[in-house]
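Student: So TrEMBL says this about it:
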type: REGION; residues: 1-29; note: region 'Disordered'
type: COMPBIAS; residues: 1-13; note: compositional bias 'Basic residues'
type: BINDING; residues: HIS40, LEU42, GLY67, GLU88, ASP116, ASN131; note: S-adenosyl-L-methionine binding site
type: DOMAIN; residues: 47-216; note: domain 'Ribosomal RNA adenine methylase transferase N-terminal'
type: REGION; residues: 292-315; note: region 'Disordered'
type: COMPBIAS; residues: 298-310; note: compositional bias 'Acidic residues'
Amino acid sequence: MAGGKIKREKLHRGGGGGAAAASNPHFQGGIPFHKSKGQHILKNPLLVDSIIQKSGIKSTDVILEIGPGTGNLTKKLLEAGKSVIAVELDPRMVLELQRRFQGTPYSSRLKVIQGDVLKCDLPYFDICVANIPYQISSPLTFKLLSHRPLFRCAVIMFQREFAMRLVAQPGDTLYCRLSVNTQLLARVNHLLKVGRNNFRPPPKVDSSVVRIEPRKPLPPVNFKEWDGLVRICFNRKNKTLGSLFRQKTVLSLLEKNYKTLQALQLTSDGFSDDKEITMCVSALGDTLGDLSMNADEGKDDDDEDMEMDDGETKGSDFKDKVLSVLKLGGFEEKRASKLSQADFMHLLSLFNKAGIHFFLITRTF
């Protein structure tokens, strides 16, 4: 409800709207819900209470809610915190929220922003609690993590498989670039599983509530460098790194990058200000489509891949330089699917010490 486009509903005057509501179970207060737009309203009050309790809201908290819908969760948030900022795209839902709380003690503590949360400049908030449209899960996660000043935590309802990717650990089937990038920036914990029948209308899949706590301070890594390395490593997460870094395409990109940096005498130093950090953190979510993300990661190693090294790259000095880094750290026979955050940090450090950098890597991967 907070992202994507909403089509205006044309309801007939007189008894038409009521008749539609009576014949369609996906209505609340006469408002039809669009499943294609991610509009699934929480209808179980016990579940709403559980989410509030697990959020750890303080009475002084400014709370950000994304996609409030008709306000079932909003009411409980207003009871628990100081104020609520609700971002809602659908003008029908905005009117419903305003009607619901108009003339109540909560009206002065509720601010409704009508717009696409992915395009809005978010104000200050202490905590985010939301049941979001699942199609914006990935870009929204990294938009929140790029927000400054950092918030205390976010408690968000995700599609279950996406949630399990967020919390996946090295060796897990769902461990992927999303897992690595998110856990670089935040501590992520699975709070509870939510069945599809807790929503109106029910989605086709189960959901999960996840707690995301931004790391303070952020790890001492250049995020552009990190992203370039991780993209290469997870291009085929079950291949050995020795095999990946022997590929002609990878070697060609790295060597071009290496020569460019040497010519320009650039380094991968830290960031100059919060604005640059925000841009780079947000970019970590680029091309991470929610459940279509990293679709190639599950492919067998026998699948057609980027062209392997041939006569042009065999014996090249740069190829030897790259492989020597892998051998030095004991990474040649290791696979991205089994590497921890510390492993990736160490590998990036070894490459950088050898003068090999990743922050000009294109979006090939």
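First residue shown is number 1, and so on along the chain.
Backbone N, Cα and C atoms are what each Cβ position is placed from, and that goes for glycine too.
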Student: Quick check on the binding-site residues: of GLU88, ASP116, whose CB has the lowest count of neighbouring CB atoms inside 10 Å?
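Tutor: Least crowded of the binding-site residues GLU88, ASP116, by Cβ count within 10 Å, is ASP116.
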Student: Taking only the residues the record lists as binding S-adenosyl-L-methionine, namely HIS40, LEU42, GLY67, GLU88, ASP116, ASN131, what is the largest Cα to Cα distance between any two of them, in Å to the nearest whole number?
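Tutor: Largest Cα to Cα distance for the S-adenosyl-L-methionine-binding set is 21 Å.
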Student: For the domain 'Ribosomal RNA adenine methylase transferase N-terminal' (47-216), what is the mean per-residue pLDDT, to the nearest integer?
Tutor: 96
Student: Please report the number of other Cβ atoms within 10 Å of the Cβ of HIS40 (S-adenosyl-L-methionine binding site).
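Tutor: A 10 Å sphere around the Cβ of HIS40 (S-adenosyl-L-methionine binding site) contains 26 other Cβ atoms.
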Student: Let me spell it out: for each of the binding-site residues (LEU42, ASN131), count the other Cβ atoms within 10 Å of that residue's Cβ, using every protein chain shown. Which one has the most?
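Tutor: Result for the most crowded candidate: ASN131.
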Student: Would you count the other C-beta atoms found within 10 angstroms of the C-beta of GLY67 (S-adenosyl-L-methionine binding site) for me?
Tutor: 27
